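Over in Swiss-Prot, the protein carries these features:
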- 97-122: repeat 'LRR 1' (REPEAT)
- 177-201: repeat 'LRR 2' (REPEAT)
- 202-228: repeat 'LRR 3' (REPEAT)
- 229-264: repeat 'LRR 4' (REPEAT)
- 265-290: repeat 'LRR 5' (REPEAT)
- 291-322: repeat 'LRR 6' (REPEAT)
- 323-341: repeat 'LRR 7' (REPEAT)
- 347-374: repeat 'LRR 8' (REPEAT)
- 375-399: repeat 'LRR 9' (REPEAT)
Amino acid sequence: MSIRAPPRLLELARQRLLRDQALAISTMEELPRELFPTLFMEAFSRRRCETLKTMVQAWPFTRLPLGSLMKSPHLESLKSVLEGVDVLLTQEVRPRQSKLQVLDLRNVDENFCDIFSGATASFPEALSQKQTADNCPGTGRQQPFMVFIDLCLKNRTLDECLTHLLEWGKQRKGLLHVCCKELQVFGMPIHSIIEVLNMVELDCIQEVEVCCPWELSTLVKFAPYLGQMRNLRKLVLFNIRASACIPPDNKGQFIARFTSQFLKLDYFQNLSMHSVSFLEGHLDQLLRCLQASLEMVVMTDCLLSESDLKHLSWCPSIRQLKELDLRGVTLTHFSPEPLTGLLEQVVATLQTLDLEDCGIMDSQLSAILPVLSRCSQLSTFSFCGNLISMAALENLLRHTVGLSKLSLELYPAPLESYDTQGALCWGRFAELGAELMNTLRDLRQPKIIVFCTVPCPRCGIRASYDLEPSHCLC
């Protein structure tokens with residue numbers, strides 16, 4: 001029969017303090033710091049509001065990572081924490097062990113108690129110093145009390161906890177700084193989004209992601225706020241289109257009002273657009289407004305004209321580009337010169353190139369091979385889904401011999417793998433895949449390489465060949 005170990009003294013003390021809220025409050029300044037994380041977590045989950053308020057005032061770490069406890073937010077518990085912060089802000093002399101400088105409400109995948117345990121015990125201090133000093137440009141030289149949040153707007157209305165927090169922060173401007181680095185929009189009406197943005201320090205926002213289908217006219221209402229995010233590094237847009245009802249003159253004005261905001265973004269580095277159609281024939285307007293060198297250009301399933309690609313290749317801001325993703329942009333009828341010129345501009349820096357499902361033909365591939373073979377930093381190359389013959393694929397593999405940093409390569413199944421109706425001939429694909437793999441091994445030793453078919457018309461999955469063939473789901 002096993003004998004159960006008796007509870008540690010710290011555990012017994014914690015249990016007693018949770019049962020007796022008055023005792024917990026009266027002895028707070030004498031508690032060992034080891035008790036604070038577990039006691040706070042229990043008090044928060046049990047909604048012991050007075051205990052929470054007192055614990056915040058005596059918190060012995062510089063950072064309180066409340067976001068990890070806010071999976072199911074409770075307004076009264078949040079109010080108690082903020083009331084504790086209010087007391088700290090008005091105190092001339094803090095309690096002896098109080099060190100709190102950062103209230104972190106971001107939704108992170110951290111266990112609250114693990115943050116303070118073992119080797120990571122000093123982590124909250126180190127992290128808070130880095131965040132306040134390096135990552136929040138809106139605070140100036142003197143660092144006030146910091147409140148970190150991420151905004152994820154996915155409901156039609158703002159939840160009561162976030163509403164209370166933003167209003168609380170706005171009323172205490174000058175005493176503390178509410179910093180939001182990431183803004184995600186999934187479905188909130190534009191008038192509600194604007195209401196939120198009017199309560200946020202826009203200077204702090206570094207990443208914006210709009211994941212809902214907007215008309216161009218809606219994007220234009222959002223644009224002035226984008227221009228005020230002067231430290232914006234990354235913008236991600238999904239499913240933005242211009243209604244066919246918009247007259248051409250109005251469309252041009254709308255595009256100008258959007259693109260002109262980039263003139264104010266001195267630190268902008270990452271442009272990511274997915275299923276965006278309104279810039280077709282107008283990409284040059286955006287490119288002319290860029291103020292800094294881009295590190296990433298992602299334009300997947302977008303409508304682009306050949307002139308758009310030319311203007312991209314001429315843009316001075318792409319010369320330090322590390323990632324270029326044109327997946328799903330139809331290039332079948334384009335001259336190869338714009339893509340060749342584009343690769344020429346980034347040959348010294350490009351690390352990731354995705355030309356998947358671009359409809360590239362043998363002649364276009366042949367034209368870009370000389371410059372592709374000089375992309376010495378290339379580590380990831382995705383080219384599957386293009387209409388390439390066996391001979392052209394073998395030529396492509398020969399041109400990758402000097403690309404020593406390649407670690408992931410995705411290539412299309414040769415055209416000869418399909419019958420005249422476009423159906424995959426499985427045996428032929430496996431045979432040609434083995435030949436291509438042998439050809440490559442004669443040239444160099446690949447790390448990860450896969451030859452992929454077009455998606456199956458029934459299940460949507462690509463069959464593949466790496467070390468051996470792999471079927472789709474059918």
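Along the chain as shown, residues are numbered 1 onward.
Cβ atoms are placed via backbone N, Cα and C, with glycine included.
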When the repeat 'LRR 9' (375-399) is classified with DSSP, how many of its residues are helical, how many are strand and how many are coil? 9 helix, 3 strand, 13 coil
Structural state census, the repeat 'LRR 2' (177-201) (DSSP three-state): 8 helix, 9 strand, 8 coil
For the repeat 'LRR 4' (229-264), could you work out the same-chain residues 6 or more beyond its ends whose Cβ comes under 8 Å from its Cβ atoms? 137-138, 202-217, 219-220, 223, 270-279, 282, 285-286, 288-291, 296
Are there residues at least six beyond either end of the repeat 'LRR 7' (323-341) with Cβ under 8 Å to its Cβ atoms? List them, or say none. 295-302, 304, 306, 309-310, 312-314, 350-361, 363-364, 367-368, 371, 382, 387
Under DSSP, the repeat 'LRR 5' (265-290) has how many residues in helix, strand and coil? 6 helix, 5 strand, 15 coil
For the repeat 'LRR 5' (265-290), the averaged pLDDT of the predicted model is 97
Determine how many residues of the repeat 'LRR 7' (323-341) DSSP places in helix, in strand and in coil. 5 helix, 3 strand, 11 coil
Could you count the residues of the repeat 'LRR 6' (291-322) that DSSP puts in helix, in strand and in coil? 12 helix, 5 strand, 15 coil
Looking only at the repeat 'LRR 8' (347-374), what are its DSSP counts of helix, strand and coil residues? 11 helix, 3 strand, 14 coil
